[in-house]
Amino acid sequence: MLGRALTSVIWGAIADKFGRKPVIIIGCAAVVIFNTLFGLSTNFWMAISMRFLLGSLNGLLGPIKAYACELVREEHQSLGLSAVSTAWGTGLIIGPALGGFLAQPAEKFPAIFSSNSIFGRFPYFLPCLIISLLALPVAIACFWIPESLHTHNSEKISSQISYDVLESASPRSTDKVDLKEGSETTSKYSLFKNWPLMSSIIVYCVFSLHDMAYTEIFSLWAVSPRRLGGLSYSTQDVGVVLAISGVGLLVFQSSLYPLVERIIGPIMVSRIAGIVSIPLLTSYHYIGMLSGIALSILLNCASLVKNVLSISIVTGLFILQNRAVEQHQRGAANGIAMTLMSLFKAAGPAGGGALFSWAEKRQDAGFLPGNQIVFFILNIIEVVGVLMTFKPFLVERRR
């Protein structure tokens, strides 16, 4: 996330100048190379370096959001961005599930993987290899996708030339085309003054912090022992829950979300999803008191609904961000969003892990003992995000 935060704006600018396609290809190739090397890390600093380089060279998500908007007509943008957020959310769910199933294969599947093999020496290489092998054909296929950035000669006029034309021309002799060109080129420097864009990015960052902290805490809570308020799940059990959530998420986002967004709009979708998430998170503590089939059913349902709500919020904010700017600004705008979001997402896992460790030490506290304080603080972040979806903070660009 730190690597991504440092380079997202640069990748966005490259996508605006040279096209979305080259950035997408480089991002997929970076996954193939550095994810494989991460699985072959021989020490902590090599692992950290590979993750940093992967983030730095993968400016994929911002241009992909711009690409999804540009491939379809405006009335279908919610479907295009829903596909992006569904892929992103499903990856965040299926990825840890694959890790849970495939990590340490020499211990889990000794009949297939020898302890003396490469998979025995590098116990986390198999899930990394599988993901890289999935990314390789995607990177190759991207050479045949169409470019969505349409650059016209009139848009290549420098801002200085546009200023000179405007200053030297009289009001009568300045035609509408020159004014439009000048406004487009100079507006590239005013993204930070674009409040519909910046307000949606800030709200997006708050919900991203919540989602990353939740993702970290959910797995820790599931595998922690019962005496500490956890579920005593194995990593494979957690993988099953996450896989079920991924399938449900894929179905909802690809079929129902575009319809709901068209009826009530992206802001209301994000607001309602945030509000519903609050009592749902509160119920996790009480779900943890169950056992057997009741626990399994309710936990899978709660995890599925929570992930659907989270991705619905993100998709609504994606739509607002991309509608807030013109086509020639989308790469840079999404780069800014990725930079700020990455900083918040970098804090999410660390903060979530620290919060969970602290909560486990206060099992006998008088106020919100154990994991209750964890879900309470997650809900506080959610409430802040929901409040920020109201005017005058979050506004939608008038079209």
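Using the three backbone atoms N, Cα and C, a Cβ is placed for every residue, glycine included.
Not measured: the values here are computed from a predicted model.
TrEMBL lists 1-397 with the feature domain 'Major facilitator superfamily (MFS) profile'.
Same-chain residues lying 6+ beyond the ends of the transmembrane segment (21-38) with a Cβ under 8 Å from its Cβ atoms: 11, 14-15, 46-47, 50-51, 53-54, 57-60, 63-64, 67, 128-129, 131-132, 135-136, 138-139, 142-143, 145-148, 331. What TrEMBL records for 21-38 (among others) is transmembrane segment.
For 79-104 (among others), the entry in TrEMBL reads transmembrane segment.
Marked as transmembrane segment by TrEMBL: 124-146 (among others). Long-range contacts of the transmembrane segment (124-146) within the same chain, counting only residues at least 6 positions beyond its ends with a Cβ under 8 Å from a Cβ of the stretch, are 21, 24-25, 28-29, 31-33, 35-36, 38-40, 71, 95, 98-99, 101-105, 113, 118.
Within the chain carrying the transmembrane segment (201-223), a Cβ under 8 angstroms from the stretch's Cβ atoms is held by residues 92, 96, 229-235, 237-238, 241, 270, 274, 281, 284, 288, 303, 306, 310, 313-314, 317-318, 321, 336-337, 340-341, 343-345, 347-349, 351-353, 355-356, 371, 374, 378, 381-382, 384-385, 388-389, 393-394, all 6 or more beyond its ends. For 201-223 (among others), the entry in TrEMBL reads transmembrane segment.
Long-range contacts of the transmembrane segment (238-260) within its own chain (CB-CB distance under 8 A, at least 6 residues past either end) are made by residues 76, 78-79, 82-83, 85-86, 89-90, 93-94, 96-101, 219, 222-223, 269, 299-300, 303-304, 306-308, 311-312, 315. Among the features that TrEMBL reports, transmembrane segment is placed at 238-260 (among others).
Look at TrEMBL and you will find 267-287 (among others) tagged as transmembrane segment.
Residues or ranges marked as transmembrane segment by TrEMBL: 293-320 (among others). Proximity of distant same-chain residues to the transmembrane segment (293-320), defined by a Cβ-Cβ separation under 8 Å and at least 6 residues beyond the stretch ends, is recorded for 65, 77-78, 81-82, 84-86, 88-89, 93, 196, 200-201, 203-204, 207-208, 211, 214, 218, 231, 241-242, 244-246, 248-249, 252-253, 257, 260-261, 266-267, 269-270, 273-274, 276-277, 280-281, 283-284, 287, 385, 394, 396-397.
The feature transmembrane segment is assigned by TrEMBL to 332-358 (among others). A Cβ distance under 8 Å defines the sequence-distant neighbours of the transmembrane segment (332-358), meaning residues of its chain 6+ beyond its ends; these are 1-2, 4-6, 8-13, 15-16, 55, 59, 61-63, 65-66, 188, 191-192, 194, 197, 201-202, 204-206, 208-217, 220-221, 224, 321-322, 324-325, 371, 374, 377.
Among residues of the same chain six or more beyond the transmembrane segment (373-394), those with a C-beta under 8 A of the stretch's C-beta atoms are 199-200, 202-203, 206-207, 209-210, 213-214, 217, 221, 267, 270-271, 274-275, 277-278, 281-282, 284-285, 313, 320, 355-356, 359, 362, 365, 367. What TrEMBL lists as transmembrane segment is 373-394 (among others).
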